[in-house]
Every structure is written in structure tokens, then in C-alpha cells.
Amino acid sequence: LCCCEYVDRRGRRNHLAACCCDCEELDDGCDRWLTCKSLPPGALERIADTIADRLRVPWFSGAVKINVSLVPPLVLLPVFLHVAALHFLLGLIILTSLPVVVLWYYYLTHRRKERTLFFLSLGLFSLGYMYYVFLREVVPRGHVEYSQVVVLTCGLILMLAALSRAKKDPGYLPIPAGNEEPSHQGLPNKSVRGSSSGLHGFSGAASSRAVNGEAKGYCRMSAEQPEGVKKDWCTKCQLVRPARAGHCRLCGRCVRRLDHHCVWINSCVGEQNHQAFILALSFFMLTSVYGITLTLHTICRGRTAFVALLYCPGAYSDYSSALSFTCVWYCAIVTAGMGYILLIQLLNISYNVTEREARLALRDNTGRRLLGGLVIDTGQYNRGLLCNWGHFLSLGSSPPQRSAEDIV
């Protein structure tokens, strides 16, 4: 293939020059629109799939497909922020509508159980663009010292390093031999199903082992699994899951000590990356609050950061100050959302409960609501604050042991 050729989703050789040619779905849709006829069911989805398949850029070994979900944040975020800086009312409308649109898109993708890079692209581009505005509009005013810029830059680098670690393997369970692709039919093979009872029986004898570090903890916690907690069979991946493991519907894999699937990193949060996830959130909070404080002290001299955020008379005196103030409010909204996520995570760690376990406890009405409903205590793994945090800090410290079920 030359740099402008590619193999399309139908397996045919195509060229970037033919981006609008030979598109039956689009031609039929235009004909029906001109003749005022309704589109057949699924026509818009087929047109969107065709456009997404042909959205490519030239590359050495053939045209590379661009993920459509990466494009909107790169284009719309700078436009919205610059428009919001034109007037106070425009800023109020845009900064109010942006969270609503993001939440609506999250609900749409979550309901369809789709993976998307939109949120990861939005988060990374927001970080880069806010840093660019800070260096371009705030630092030249002369009120920010170079040491403060270095501290802010180091915080950003540390946050990206923790995010890179959180993007790695969250603790996927190995797929059984001969079943490279997990089954998504929901029904296990009959022969495997018949042997599952034997595996369950054998798992009772081996339950005293510290599988994936769950039973192994601090404060002389019992090496045995809590009473009533059993390993279960995953009909999707066709394997026996250890205690606290769960199946992610978006990733299509089972994860050890599954907490939740985070759309902001486009990956699951499990045993192997939960610590890095908390570290990335913590570095983000510290860096964001520090950057907001430096910016407000520059454009609103003589006022504290909190007062300047709510009342800054000279913010819209010039376009540079207006853009900086708009970006500060955008950062404040994002920081508030991430701060809520971090708070819930810290509370869950303190009670040794995962998001998945809390959701199942609410569904089955088996957990206790604490702190106004911010945390759900299931009571299965809670061993006290110090023991719970010691257990969390020991996650992923040793490679998971192969259980007897895997050997069988």
C-alpha cells in the first residue's frame, strides 16, 4: 500500500482521494432527503460507520484511521473558551453547558456500552491547552516566578507519569488456553459448564491461599477468604474468577479486584493500577489548584484565590485577562468533578470496598449507607482504617499466584 491507500472495513482496497465516492449509504440518504422520504432503520449508523472508516491520514505503510472521538475536544474546546472570553454572559452560558454536554455524552456511551477516547482526549488536551494559556497569557505579566513555573511543570509531569502507569494492565485475568477471544454470548460451553462444579469444589480446598493478594493483608488478617465469599464462574470469559474480581462489559475481560471502568483513562481500575489511579488524581488536584491560585493572583491582584474566583472586577478589561479568567473557571469546574471522584475513592479505600461491590450491595440491599450515602460499607472486607489502607498499599506488590483452577 502507498501512503494514501488503505483496506476499508469491507476488506476492499481504497484510496483517500475517493473519500466521497462509492458511498451507497450516503447517496441513498441524500436521495431520500431530496425526495422527502424517511431513512430506513440503521441508515444513519451505516453512514457514520462509513465516514469513520474513511477518516484517515497518510502514513508510510498505508493511510491510518483516525478515531472520530479524538477530534471534537481538539477543535471545540479552544473555540468555546475563546468565545466565552468575549463576554461575561457568553462565558456563563458556555461554562454551564459544557458539563451538561459531557455528562450527556457519558450517559449515551455508557448506555450503549461503547468504549470511546473522547474523555481521555478531552482530559489530556485540556491539560495541554491550560498549560499553554498559562505560559502565553499569565507568565509574561511578570508576577509568576520561574521557580513557580518549574513546580507547576513538575507536577504536570508527575501526573502524566502516574496516568501512564494507570493506563497499563489493571490486572486482567489470563484467558484460558484455546479461548483467546472471550466469549460474549453469555452461555458457557456445555463441557466446560459440566466441569465447573468440580472446579468450585476444588476452589473450596484451595481457598486458604492468598489469591492475588486479596486475603493477604496487614494487622494479621486471616489468610482465608471471609465466610460466604466464593469464587464464581464468568460465562463471558469462561474462567473461574477469584474473590472480588469482576467482568468489565466495556473491555470484555475479567479484572482482579475490579473497582470500575474509568472513561477518563479509557481503561479499568483494578488491582494492578488502582494505586497509580489514586496517585494521578492526587497530582492532578494539587497541580490544578496551584495553577488556579497562580493565575488568580496574577489577574486579580490583592485578592485571595477564592474571592477572586467569585469576584474579579478587572477580569474582562482586556481579552488576555478574560481568556485567563475563563480558563480558570473551566479548570475549577473540572477540578471540582475530579475532587469528588477522589473523595469517593479515598472513602472507599478507608472502608475497603470497591465501586463495583458498592453498586452490587445497593442493588441487593446488603450494604450500609454511611456519611450521607457517600460510601457503602458491605462489611465483608472492612478491618479498620489502618488495616484497610495497609491492604490497599500492598496491592500489586507481589505477582499474583497461579491458583489450582488455572493449573487444572
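One is the number of the first residue shown, and numbering goes on along the chain from there.
Positions of Cβ are set from backbone N, Cα and C atoms, glycine also.
Annotation source TrEMBL lists transmembrane segment at 79-105 (among others). Sequence-distant contacts of the transmembrane segment (79-105), counting only residues of its own chain at least 6 positions beyond either end whose CB sits under 8 Å from a CB of the stretch, comprise 118-119, 122, 129, 316, 319, 322-323, 325-327, 329-330, 333, 337.
The transmembrane segment feature in TrEMBL is assigned to 117-134 (among others). Beyond its flanks by at least six residues, the transmembrane segment (117-134) meets 67, 69-70, 72-74, 77-78, 81, 102, 105-106, 109, 152-153, 156, 159-160, 263-266, 291, 294-295, 323-324, 327, 330-331, 334 of its own chain at Cβ-Cβ distances under 8 Å.
Distant neighbours of the transmembrane segment (146-163): 127, 131, 134-135, 139, 265, 276-277, 279-280, 283-284, 286-287, 290-291, 294; these residues of the same chain sit at least 6 beyond its ends, with a Cβ under 8 Å from one of its Cβ atoms. Taken from TrEMBL, the feature transmembrane segment applies to 146-163 (among others).
Under the heading region 'Disordered', TrEMBL lists 174-205.
Among the features that TrEMBL reports, compositional bias 'Polar residues' is placed at 186-198.
Residues or ranges marked as domain 'Palmitoyltransferase DHHC' in TrEMBL: 230-358.
The transmembrane segment feature in TrEMBL is assigned to 276-299 (among others).
Residues or ranges marked as transmembrane segment by TrEMBL: 319-343 (among others).
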Tell me the residue counts in helix, strand and coil for the domain 'Palmitoyltransferase DHHC' (230-358), as DSSP assigns them.
72 helix, 18 strand, 39 coil
